[in-house]
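Engineer: Attaching a single structure in structure tokens format; questions to follow.
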Amino acid sequence: VGFKAGVKDYKLTYYTPDYETKDTDILAAFRVSPQPGVPPEEAGAAVAAESSTGTWTTVWTDGLTSLDRYKGRCYHIEPVAGEENQYIAYVAYPLDLFEEGSVTNMFTSIVGNVFGFKALRALRLEDLRIPTAYVKTFQGPPHGIQVERDKLNKYGRPLLGCTIKPKLGLSAKNYGRAVYECLRGGLDFTKDDENVNSQPFMRWRDRFVFCAEAIYKAQAETGEIKGHYLNATAGTCEEMMKRAIFARELGVPIVMHDYLTGGFTANTSLAHYCRDNGLLLHIHRAMHAVIDRQKNHGIHFRVLAKALRMSGGDHIHAGTVVGKLEGERDITLGFVDLLRDDFIEKDRSRGIYFTQDWVSLPGVLPVASGGIHVWHMPALTEIFGDDSVLQFGGGTLGHPWGNAPGAVANRVALEACVQARNEGRDLAREGNEIIREASKWSPELAAACEVWKEIKFEF
């Protein structure tokens with residue numbers, strides 16, 4: 001008697017092509033590139049095993065539990081068109097394998113160990129289906145799109161932001177001055193750069209105080225609600241919370257966090273604090289390209305975006321689309337919808353492998369940021385629609401007349417695009433014309449159009 005010791009093929013236990021997925025299963029789509037000679041079924045089963053209950057050999061303690069209840073299952077494998085020896089392996093995980101309300105545990109289980117696996121040349125997590133039963137264990141974004149609009153009293157248009165540059169080296173007072181000029185000119189938000197934390201040339205508390213002063217001055221002057229994303233990211237969770245608490249004491253509307261470098265545990269704690277204390281939370285995705293840039297290894301950004309919506313954030317950076325290829329546009333809009341909408345249909349052309357129901361979890365505003373300027377405004381307005389934040393760093397501060405006129409130019413361009421769209425004009429076709437018309441009655445915009453007329457970021 002006893003049990004049958006020894007090494008056996010994963011696929012005997014973990015490859016179950018006739019498995020019917022349950023509504024409570026977490027489903028994963030992996031792009032698997034097996035080593036030469038490893039059959040795809042074995043590779044897919046190995047992924048299912050190593051990311052759930054399996055280990056490399058049969059163990060005595062397997063008999064003390066019900067593997068059938070707890071094991072991950074590879075239930076479908078399809079070859080990737082146009083790629084040699086590459087497959088999409090679909091894996092179903094029983095819900096009981098995961099701790100409630102912990103993105104950290106979800107990732108530790110699904111991607112924690114299996115990516116270094118010898119039988120695979122490369123492995124990429126393309127998408128996750130989060131079952132409603134699991135979604136309901138997360139708070140999600142502190143406030144969401146609708147509550148944010150109500151807090152800011154801004155409707156029917158995208159919001160405008162600007163990252164303060166030079167990102168490192170300004171003193172706190174000069175930094176606050178730059179913030180004030182941008183907000184006074186017509187932006188809704190300014191932003192700490194992701195690597196502005198608390199350095200010798202500008203300690204966090206000084207920056208917070210001067211930025212708060214800038215916000216209040218600009219609000220008094222413009223009659224609009226303003227914000228500055230105060231970066232609370234720090235070396236310890238305690239220090240991060242200290243910064244968030246100080247921001248709340250100053251009465252500012254929004255703080256910021258780098259969720260990948262800071263980690264999901266810290267991010268979820270901060271998101272809970274933000275909801276309890278009425279702070280909006282802006283999320284920067286520093287480090288994402290380390291994880292998502294390789295096409296055949298790592299984790300696709302749409303998974304990191306889903307994870308952020310569960311962990312909590314009101315804004316997240318999501319790429320700009322402009323000047324890039326058409327295909328990328330569909331993929332980007334796919335995960336932008338995953339961030340904003342309540343229900344998203346499976347659509348492989350947009351990279352969405354599973355239908356996702358968020359069961360009323362609040363939405364996240366996508367942030368378009370990086371290398372954009374006034375000439376991009378029509379395209380951005382058309383692509384992202386109203387529920388987005390458009391961030392022009394150099395596109396504001398690079399204005400020949402300074403920050404405030406740079407902000408004016410962006411605001412005029414945005415209002416012109418929104419008005420044109422509402423009048424039924426085609427932003428994609430008439431975009432340049434709309435900006436040209438608007439620049440006739442805005443010298444600030446005309447100057448911006450001059451500076452950036454030739455710039456294109458196409459490689």
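Just so it is clear, glycine is given a Cβ too, placed from its N, Cα and C backbone atoms.
So Swiss-Prot says this about it:
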type     : residues : note
ACT_SITE : LYS165   : active site, proton acceptor
ACT_SITE : HIS284   : active site, proton acceptor
MOD_RES  : LYS4     : N6,N6,N6-trimethyllysine
MOD_RES  : LYS191   : N6-carboxylysine
SITE     : LYS324   : site 'Transition state stabilizer'
Engineer: In angstrom units, rounded to an integer, how far apart are the Cα atoms of LYS165 (active site, proton acceptor) and HIS284 (active site, proton acceptor)?
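Structural biologist: Rounded to the nearest whole number, the Cα-Cα distance is 16 Å.
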Engineer: Ranking the recorded positions LYS4, HIS284 by other Cβ atoms within 10 Å, which is at the bottom?
Structural biologist: LYS4
Engineer: Rank the recorded positions LYS165, LYS191 by the number of other Cβ atoms within 10 Å of each Cβ, and give the residue at the low end.
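Structural biologist: Among the recorded positions LYS165, LYS191, the lowest count of other Cβ atoms within 10 Å belongs to LYS165.
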Engineer: Reduced to three states, what secondary structure does DSSP give HIS284 (active site, proton acceptor)?
Structural biologist: strand
Engineer: Could you say whether, by DSSP, LYS165 (active site, proton acceptor) belongs to a helix, a strand or a coil region?
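Structural biologist: Note: LYS165 (active site, proton acceptor) is coil by DSSP, not helix or strand.
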Engineer: List the Cα distance (Å, whole number) between HIS284 (active site, proton acceptor) and the residue listed as 'N6,N6,N6-trimethyllysine'.
Structural biologist: 51
Engineer: Can you give me the Cα-Cα distance between the residue listed as 'N6,N6,N6-trimethyllysine' and LYS191 (N6-carboxylysine) in Å, rounded to a whole number?
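Structural biologist: That separation, Cα to Cα, works out to 61 Å.
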